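Asks: Take this structure, written in structure tokens, and hold onto it; I'll ask about it next.
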């Protein structure tokens, strides 16, 4: 079967990851001890995408947990599903990365990376036909960003033909945890552009807004934010784990979403988002789901899709529904908002349908879009980066770990290139594309 190996790094990654396993265990009917306690055979049919079956009939997540300090790991271990993970798959240091990308990537992280890779290899060898890796991390700290990107590049070397999917939490525009976030994020993006296949871009502020505005939570906790993320994560892979009429997997997703190799940063959304109290009072319809799914307020990163155009998009629907209706709704969205889709990629919205809805809902949908407006995120980080880098503020923390200023300059220009690539394709029209081809022909 097509297994996915899950890796979580740093405090943010481990907190999202542990929430994700709660959701997936719940979907597959696996209790906190790893025993199956579900009600339907469908839960077990492809349980091996995310789980290994141990000799005594227990299901063990294909998860690798890493961090440079023991704190978060301890709380995962004592959390509700802490006992389900394989104890050898916890890999942690003692020193911490102190929000320093260089520590995660070059010094502390580099010392720990080999023991992480050993665990990854062991897990990969346990797979029948490994499809790819999914990595949860944040880009603002030290471990998730520095060591996370180091691990991604090492895995890329060793498994060049497997998919590499990341769920990356970007620094938020208004809420900042650390001053050096722009540095860490820019250095990470520099790596992700080259080594990842698909990046789902998340950020806390957009998630807060969803909790506050849509879910009517007055004081959202990180647990609430992570629950939103894990609903999306589970939605992206539901087609692999449950039978459906139109299946998609990580590679199909990439083929349909990535027109140019560097432009693989996606916005994600989830529907239905209703506050916990009012869920049972409304029946859901496919048109409602579709409408909410495309709504800018539903996007889990602080970029507004109305400020750009969609190169491509993909929607995964879950639940019993007619594929014909799904197709009609998707075509409807494109026809009504044609100015928000680039016209030089016809039929650029793909949909897939999986028959099993998430727990407690009759139907749901997950949205993944490749929109040029994601450049707003990069632009914002880049401006903050430049403001500090111009004065060489905080640089000594990085050069002290053996980094060179040159690396910062490279990362900065790579990110600015990315922004202008998005801008270029946002402005491109179908006639222009033909015109350019003619020009090339003349020059040849």
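Backbone N, Cα and C define each Cβ position, glycine as well.
Since this is a predicted model, take the numbers as computed values, not measurements.
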Asks: Pick from 69, 288, 325, 328: which one does Swiss-Prot list with 11, 138, 142, 143, 144, 204, 226 for the same GTP site?
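Replies: Swiss-Prot names 69 for this GTP site.
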Asks: Find, among the binding-site residues listed as 11, 138, 143, 204, 226, the one whose Cβ has the highest number of other Cβ atoms within 10 Å in the structure shown.
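Replies: Per the Cβ count, the most surrounded site is 143.
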Asks: Long-range same-chain neighbours of residue 144 (GTP binding site), Cβ under 8 Å, sequence gap at least 6?
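Replies: Correct list: 9, 10, 11, 12, 13, 104, 136, 137, 138, 169.
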Asks: Quick one: give me the count of other CB atoms within 10 A of the CB of residue 142 (GTP binding site).
Replies: 29
Asks: Give the sequence-ordered list of residues that share a chain with residue 69 (GTP binding site), lie 6 or more positions from it, and have CB atoms under 8 Å from its CB.
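Replies: Once residues fewer than 6 apart are set aside, residue 69 (GTP binding site) is near 92, 93, 94, 95, 96, 97, 143.
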